[in-house]
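Feature annotation from Swiss-Prot assigns transmembrane segment to 22-42, 90-110, 119-139, 146-166, 201-221, 231-251, 261-281, 282-302, 327-347, 370-390.
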Amino acid sequence: MKDSDSLLHVHPAYSLKQLTQYFLKLGALGFGGPIALVGYMHRDLVEERQWVSEAEYQEGLTLAQVAPGPLAAQLSFYLGYVHYGFLGSALVGLAFVLPSFLIVVALGWAYTLYGGLNWMQAVFYGVGAAVIGIIAISAYKLTRKTVGTSWLLWSIYLVNAATTIVTESERVELILGSGALVLLVKFPPKHWIKQNRLNSFIGLPLIPLFAAVPTATTSLLGQIALFFTQAGAFVFGSGLAIVPFLYGGVVKDFGWLNSQQFLDAVAVAMITPGPVVITTGFIGFLVAGFPGACVAAIAMFIPCYLLTVIPAPYFKKHGKNPKISTFVNGVTVAATGAIAGAVVVLGRQSLHDLPTFLIGLIALISSWKLGKKLPEPLIIVIAAIAGVIFWSK
């Protein structure tokens, strides 16, 4: 705790206003997904401005990787916390998320107003197919990065993928159970007692609290709040990890959107700056207008904020504990398997004729071979044009 307190009392080389303005700009112009966004933060804040030290940045990045939540948003929370505490974390996070939230709300309004028109349907006819290709290549890259050669991890991956395909939803208890299984195999319980380190799981005990939140309520906004609070606690490994979870709840359980509307929501997230999970604002708007968008976005980011700032003071001491990284590794592999399963589930809904199959295939190849030269937003725009062309024939 002393390390964290001393950190907060060091006079920073920047004001909270300057840091907030930086993240407001990044949230408005930061395209490229979570990896690109955290790269921009390192370039701008560590290398160029030197507001944050390399050690502080790496600590924040590590915490963002091991705790549930969207990577870029959590790193922004931590960097706001470093010198300005809880208030700094909240203001910086709000500044980072606000621009993309306003964009998706505007798109939600346009979608609601014009979604029934032929040209809008034609646009999303192509966009939905491209989304499948992009998610497929993302799942492939995540699989190569996270699973490795371990038979245990491959088993977990395949079980979660198959479960998602069969149930058409992500099973949270299976995700958490996967992390627990890897932990038990690598570190049997007698080893914990021997080492006396059961108290090392800083932050992880909070996760079941979010999982246990009931979703039964008579209020629509209450249902939205409870569901997206749960969603915010289970974004492990990548922002795309939330896709199968959201599909299971929004489409299968609550029936708020149909499959095509959900795919359109994912597409909107890919063409806007900021974190991918801001699609929750778009979904919330379609379900319950502007109040729904606000409730969904706030509920989504509250767990991410809490699971960043609460463990932060203790992270210097416990952050490198191998048990934490082992548990998170198992959960991440399970989430990656769920993403792979979601590709199949969503593909059934979107790739229903030759043109959509070709658009999806071209998007996949483009993301794979031309990822840096042809960013995802541009692929989506090209797919939209292709959709208009094919739709009219």
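Residue positions begin at 1 at the first shown residue.
Cβ coordinates are placed from backbone N, Cα and C, and glycine is handled just like the others.
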| query | Same-chain Cβ contacts of the transmembrane segment (22-42) under 8 Å, 6 or more residues past its ends? | reply | 57, 61, 64, 70-72, 75-76, 79-80, 92-93, 95-100, 238-239, 273-276, 375-377
| message | Let me spell it out: take the transmembrane segment (370-390), skip the flanking residues so only those 6+ beyond its ends count, and list any with a Cβ under 8 Å from a Cβ in it. | response | 31-33, 119, 122-127, 129-131, 134, 267, 270-271, 355-356, 359, 363
